[in-house]
Amino acid sequence: MVDAVHVALAGNPNAGKTTLFNYLTGARQHVGNYPGVTVEKKEGGYLYEGQKIRIVDLPGTYSLTAYSVEELVARDYLVNEQPDVVVNIVDASNLERNLYLSCQFLELGVPLVIALNMIDVAEKRGIRIDTEKLSLLTGVPVVPIIARTGKGVEKLLETVQAVSRADARPQTLIRYGVDIDEALRELVPVIEKHELLIETYPASWTALKILENDEQVVAKIMLKNMDIGQRLIDRSEVLARHLQDTLEAYPETVIADHRYGFVRSILRQGEVTRVTEQDRLYASEQIDKVVTNRVVGPLLMAAVLLGLYSFTFSWSGFLVDWLGMFFDLLGGLTETILPDGPVKSMIVSGVIDGVGGVLGFVPIIMFMFFGIAVLEDSGYLARVAFMMDKIFHFFGLHGSSVMPFIISGGIAGGCAVPGVLAARTLRSPKERMATLLTVPFMNCGAKLPVLTLIIAAFFPNHQARYMFLATLIAWLVALMAAKFLRMTLLRGESTPFVMELPPYRVPTGKGLLIHTWERTWQYVKKAGTVILGISILLWAMMTYPGLPSEKVAEFEAMRQQVAASGSTDGTTALLRIDQLEAGVGLRHSIAGRMGMALEPISRFAGFDWRTNIALVGGFAAKEVIVSTLGTAYSLGAVDSENTTSLKDRLAGDRHWNPIAALAFLAFIMFYSPCFVTVVAIAKEAGSWKWAFFSMGFNTIFAFGMAVGIFQLGTLLGLG
Amino acid sequence: MNLRKMQTGQSGIIASVKIGGSLGLRMREMGLVPGTEITVTGRAPLYDPVKLRIHGQTLTLRNSEADYIEVDIKVETDSVEGKD
């Protein structure tokens, strides 16, 4: 058998790339990253007439410039990996813009097949396309398909197979006007003569990129041959000056305009009819008239976000209760089965309490992700970006920052890790950085259990209101911080808001379930692996070193005394002794010593040493705060009589009051991101400097806030 | 007429896009090129960004970006606005 044929899928976002990819590969997919960058790389395979086909889904792009990571990744992949066939998915109902990208594949000279997708939608809109003519004019095979239903895919595979065997590279037929064509004619022989980059790029492409002043290509040339490189650049500058004088235009825009000219000439000849071009009001525009209306739009948006809240918190309630009961049961069972000792203590206090505390909130997160998936898949989230851009732009961000913010917990319950990753779509490094650094302020799903616990314990009558308030404050703080960063460390120009609003779609059940499942699973995986390890580590830190033997003997003597006295409430007395011993034990442990050492400082914010232990643990992952508090308060107190939940324990504890609780809430919301997020920031920002900055900056800021709340509240006697 | 000044519902043909660099290229790759027909279909609640119909799809851009785009307004037969 021959080696697998290597196929790359490329095209505009929303052109149906992923649909076709899923159709072809089914479950045989592998998701990873492109080396060095964090753009998702999807790979899969299928068999066609016994031939193995390896297929790679390239990131969706509108162009192949050097301006965004996705575009660089896509074009680097095409030149470095040299796929046998590139399948260019083209949205048939929007040929003009889609073929603009096809032009650039032609320029690059890759073996191309154009898959004309959504031919049915185009026909419904009155666009009829002569595919044979289109194929003739572009010089590459064109196959009409409907990726959703799989219609035409068989023919596409056949064509791909044929092209992979033919090994023919298309010639570009595009002309760029007299001036540029002339410059190209001069540059190409120089590039060929000095063999500049010819092993990877066609000389004509390199010449074109020099004229476009493409940073990456120019840098590569200069690295290869400084003198010749300078000569090429000089020639390019002559052209630029000439175009500026005659046309008042830049070379790159003249080139772009000529690509469009080429596309239009093709369309004039290949596209037969376009019936209802005028007044073609799609359902989307009608919906938009209401949804983005000046008055109704914002109200609707607020209603939708609030609706998502109720949906997440009320509807998931029964599942949360079930899980809680399950873990109680599991804890009780383990309690009776295992003999007393360190193993039992570890399993009950470290494993079951820790993981149970996290998994107990899975239903909330699942419902939340489902809600977000509905908004995302229906196209509404893009409208939120559209409506919010004015505000975000004011704070030095971009309407597209809404996505990372919402995913991170803008609607409480996301996660900063995917949120940080979602910031990739931002083009300007500065807005991206500002977004990266401020999204951890949002109330992620891991903070939710902590916030919920504290709010339920101290403000039981206003739970929904406090949760909503917490979200608003998170937004406000994050935006102010972004503005601050964009005015100081990250000063610079803003990124364009030239983007596409996808048409409204009814989300498919399958798509929603996949989205919900993927994100929830990500959370569970984190809970199951990192959290379990941390939970056990913390248990160990809170257990060891154990009390010295004379102390243990002291407590034992006290127990003997109670037993000897034979009093009626002996059980209660024994329990008291157990709790006392546990308390002393915890204080004696590593964690206790750390918490105590920090207490003189944390005292200003109203945090005692137990809280400190939990907060230190929270750096590992915010949900650990709950399990650590749980462990800190339940260690030793493992009596079947004692079923009071952590919430009631806190509410009844003398170290806690509403003011201390508020200070605690503020600190949790804004202090250092968990280490997983910190790692993500380091990777996305490309340096650890920013990751450490976010740890330090956030912690200092949060502490200041907590101290302020606690001191002011205490002064006013609100505690 | 400048794109910023266009009213919702107004249509026209792009006359020029006077900007280069990454913004100019971004506009072009999204289809904002001279000779293309556009219709303003709405604005965000805070009047910025603006929403356009172009090539049968919806595109958004900020007012500050719209400033670079000049449009030849299609004269409506029943319109009496002869200004600009």
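Keep in mind that glycine also has a Cβ here, set from the backbone N, Cα and C atoms.
Curation plays no part in TrEMBL annotations; they are all automatic predictions.
Keep in mind it's a predicted model, so treat the numbers as computed, not measured.
The feature GTP binding site is assigned by TrEMBL to A:11-18, A:36-40, A:57-60, A:117-120. What TrEMBL lists as Mg(2+) 1 binding site is A:N22. The Mg(2+) 2 binding site feature in TrEMBL is assigned to A:T25, A:G26. Residues annotated as domain 'FeoB-type G' in TrEMBL: A:4-166. The transmembrane segment feature in TrEMBL is assigned to A:295-313, A:350-375, A:395-422, A:434-459, A:465-485, A:527-547, A:659-681, A:690-713.
Distance from the CA of A:T25 (Mg(2+) 2 binding site) to the CA of A:P59 (GTP binding site) is 17 Å. For the transmembrane segment (A:434-459), the list of distant contacts is 357-358, 360-361, 364-365, 368, 396-398, 401, 404-405, 408-410, 412-416, 419-420, 423, 426, 466-467, 470-471, 474-475, 477-479, 481-482, 485-486, 490, 523, 618, 621-623, 625-626, 629, 646-648, 650-651, 656-658, 661, 664-665, 668-670, 673-674, 677, 681, 684-685, 690, 693-694, 697-698: same-chain residues at least six beyond its ends, Cβ to Cβ under 8 Å. Among the binding-site residues A:G11, A:G26, A:P59, the residue whose Cβ has the fewest other Cβ atoms within 10 Å is A:G26. Within 10 Å of the Cβ of A:N22 (Mg(2+) 1 binding site) there are 18 other Cβ atoms, across all protein chains.
In three-state terms derived from DSSP, A:G26 (Mg(2+) 2 binding site) belongs to neither a helical nor a strand segment and is classed as coil.
Comparing the Cα of A:N14 (GTP binding site) with the Cα of every entry in A:N22, A:T25, A:G26, these being the binding-site residues, the smallest distance points to A:N22.
Reduced to three states, the DSSP call for A:K17 (GTP binding site) is helix. All protein chains included, A:M118 (GTP binding site) registers 24 other Cβ atoms within 10 Å of its own Cβ. Remote same-chain residues near the transmembrane segment (A:690-713) are listed as 433, 436-437, 440-441, 481, 604-607, 658-660, 662-664, 666-673, 678-679, 681-682, 719 (criterion: CB distance under 8 Å, separation of at least six residues from the stretch ends). Around A:T25 (Mg(2+) 2 binding site), the same-chain residues at least 6 positions away in sequence with a Cβ under 8 Å from its Cβ are A:G44, A:G45, A:Y46, A:I55.
Relative to the transmembrane segment (A:659-681), the listed stretch A:395-422 leads the set A:295-313, A:395-422, A:465-485 in CB pairs under 8 A. Each residue contributes its Cα atom, and for A:N22 (Mg(2+) 1 binding site) and A:M118 (GTP binding site) those atoms are 16 Å apart. Cα of A:M118 (GTP binding site) to Cα of A:G26 (Mg(2+) 2 binding site): a span of 20 Å.
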